[in-house]
Amino acid sequence: SCHEPHLYSLGLGAAPWGWGLCHCGPDKDRCPHSSGRGSPRLTCPLLSVTLLVSFGSSMLYGYNLAVVNSPAAVRDGGGTPTPHIKAFYNATWSQRYGHGLPPGPLTLLYSLTVSIFALGGLVGSLHGTLGRSGLLVLLAGGLMAFSRQLEAPEMVIIGRAITGLHSGICLSVVPLYLGEIAPKNLRGFLGLLPSIFICLGVFCAQVLGLPELLGQDRYWPLFLAVVSIPASLQLLLLHCFPESPRFLLIERNDICGATEALHRFLGTSDVQEVLEEMKEEQRSLSSVQTVSVWQLLRDRSVRWQTLSVAVVNVGMQLSGIDAIWFYTNTIFKNAGLPESQIPYTTVGTGAIEVVAGLIGPSLSWLCFAPNHPYLFCTGVPPPRVPPQTALPWTRYVAVACVVGIIAGFCMGPAGVPFLMTAELFTQSHRSAAYVLGGSLNWLCNFTVGFVFPFLQMSTGAFSYLVFCGVCLLVALYVYLIVPETKNKTFMEISRVFAARQPLAPCPCSVQGNGTGWPLRVPSTQFDSFTVLTGWEKHRAPALPKATKRVQPYSEGTEDEGTTQRRRGEGFEKIRGVTKK
């Protein structure tokens with residue numbers, strides 16, 4: 001059975017395909033898109049499948065983050081601007097019960113609409129093997145599109161929950177799939193492309209939410225239902241691409257399928273080195289079963305990896321970025337911006353966000369910059385300026401601070417946590433790690449979306465100090481603990497972490513005493529990776545010679561003839577290890 005959330009969870013799964021996009025078949029040793037025997041280059045099929053899964057999955061996540069914030073131009077009876085959804089809830093409640101909702105319950109209901117998207121994402125991250133998840137978006141779009149005609153606010157809330165379920169599945173599946181199909185020198189670049197589409201989704205929601213487009217009161221149900229279009233395109237086109245080669249080889253033992261997939265993605269027939277690297281991982285995991293989340297938490301050999309994934313995912317959501325995306329218009333209104341300028345200021349921040357999202361992958365690919373510094377882009381957020389309407393210039397300082405935070409986030413941390421989860425774990429632990437990281441990510445997303453309006457009402461601008469403290473702590477942890485992963489294989493990354501715990505049980509172990517623990521060989525004689533995994537070839541450094549300490553001959557332990565024969569053959573005992 002399939003234990004990994006893969007391409008089948010995104011849509012129609014894999015199907016027969018041909019060389020339609022690259023025009024460089026597997027019989028070519030070199031093609032204009034690949035260096036053949038050298039470092040793999042970016043090919044058309046590899047880029048196409050990355051753009052497709054990002055367009056139909058990651059972009060929907062970004063769109064749904066900002067879609068509830070954009071339409072906010074309706075005025076209530078007192079002349080106060082009210083979000084369209086809030087006004088719809090209040091009007092429906094009045095028709096049903098003869099009176100409107102008080103401000104407190106209305107804010108609670110609106111916060112539930114915003115944050116239930118994250119609850120759906122939490123459930124989706126726990127069920128990453130669900131089938132044609134794109135159909136979920138079509139169902140959600142239909143519910144939200146007809147909610148106003150049927151006067152049913154419940155349909156909006158249910159639709160938001162279903163879109164969250166789809167996003168929860170895709171945010172686990174997409175980075176895992178891209179991390180497995182990408183060559184190690186392109187893993188950082190392709191892994192950060194979904195973050196661009198997250199920013200692009202936010203920008204599309206901000207543009208479509210303008211009053212001149214779908215930001216009017218009568219169009220907001222259609223505005224919520226736009227998510228059905230990218231999902232439909234992904235369902236139609238996704239079957240043209242193969243499954244992950246690593247998944248085919250390690251999980252299904254399909255060498256032919258993995259070879260053909262590598263030919264397609266790398267654009268060359270010389271894929272033997274990549275196959276050997278995957279076979280090495282398969283051999284190291286031959287005696288290890290796919291672990292559950294509980295087993296992952298109890299496994300001391302991956303303790304640092306598990307802790308790193310938890311810290312980075314929690315830090316990503318508690319950095320305050322979700323509060324900005326959910327409530328951008330409210331933040332700008334509190335900063336004293338004129339109401340007529342708020343929608344266009346929001347669109348401007350979205351445009352800067354997209355540009356910033358392009359910078360990170362460009363640096364990773366063109367300048368060969370390491371992946372790990374991108375986590376520091378929002379490590380120390382710009383200071384937030386409290387609203388001071390008496391001083392007109394402070395409102396623009398507040399806007400600049402918001403833009404700086406969004407730009408810094410999109411340059412790095414937006415996509416790194418999902419990419420890092422794929423890089424830090426081997427195949428047996430990867431699925432459980434994505435469930436753990438995704439659950440924490442969505443749980444914090446829900447907490448911020450639900451609590452932030454009340455936190456802002458009670459503490460004002462000081463509510464952002466909580467986010468600032470979290471950013472500083474996460475930046476310190478990343479600097480001290482998380483290693484650089486650029487141009488490293490999965491086994492080499494495991495080796496870096498293994499050096500920190502030389503006698504911990506290792507899921508990669510192929511030699512040992514049968515209990516899951518490695519043989520207790522002194523760490524001064526062997527490097528920790530060899531002790532943990534038993535691998536003495538292929539990327540492991542040569543073993544240093546053991547110190548020759550001849551065990552003294554004890555008379556009576558063996559006959560003299562045996563002793564002479566042993567000495568004649570050149571054997572001697574070295575602390576219980578027989579060495580020739």
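In case you wondered, yes, glycine gets a Cβ from its N, Cα and C as well.
Model, not experiment: these values are computed from the prediction.
Per TrEMBL, these features apply:
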COMPBIAS  562-580  compositional bias 'Basic and acidic residues'
DOMAIN    50-486  domain 'Major facilitator superfamily (MFS) profile'
REGION    542-580  region 'Disordered'
TRANSMEM  42-63  transmembrane segment
TRANSMEM  108-126  transmembrane segment
TRANSMEM  133-150  transmembrane segment
TRANSMEM  156-177  transmembrane segment
TRANSMEM  189-208  transmembrane segment
TRANSMEM  220-241  transmembrane segment
TRANSMEM  307-327  transmembrane segment
TRANSMEM  396-420  transmembrane segment
TRANSMEM  432-455  transmembrane segment
TRANSMEM  461-482  transmembrane segment
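Here the transmembrane segment (156-177) has Cβ contacts under 8 Å with residues 4-7, 9-10, 53-54, 56-58, 60-61, 64, 68, 85, 88, 112-114, 116-128, 130, 133-134, 136-137, 139-141, 143-144, 147, 191, 194, 224, 227, 231, 244, 415, 418-419, 421-422, 430-431, 434-435, 438, 441-442 of the same chain, all six or more residues outside its ends. Ranked by the number of CB pairs under 8 Å to the transmembrane segment (220-241), the listed stretches 42-63, 189-208, 307-327, 396-420, 432-455 are led by 42-63.
Ranking 189-208, 396-420, 432-455 by CB pairs under 8 A with the transmembrane segment (307-327) puts 432-455 at the top. The stretch in closest packing with the transmembrane segment (42-63), judged by the count of Cβ pairs under 8 Å and taken from 108-126, 189-208, 432-455, is 189-208. Long-range neighbours of the transmembrane segment (108-126) within the same chain, counting only residues 6 or more positions beyond its ends whose Cβ lies under 8 Å from a Cβ of the stretch, are 64-65, 68, 83, 85-86, 89, 101, 133, 153, 156-157, 160-172, 326, 434-435, 438-439, 441-443, 445-447, 449-450, 453-454.
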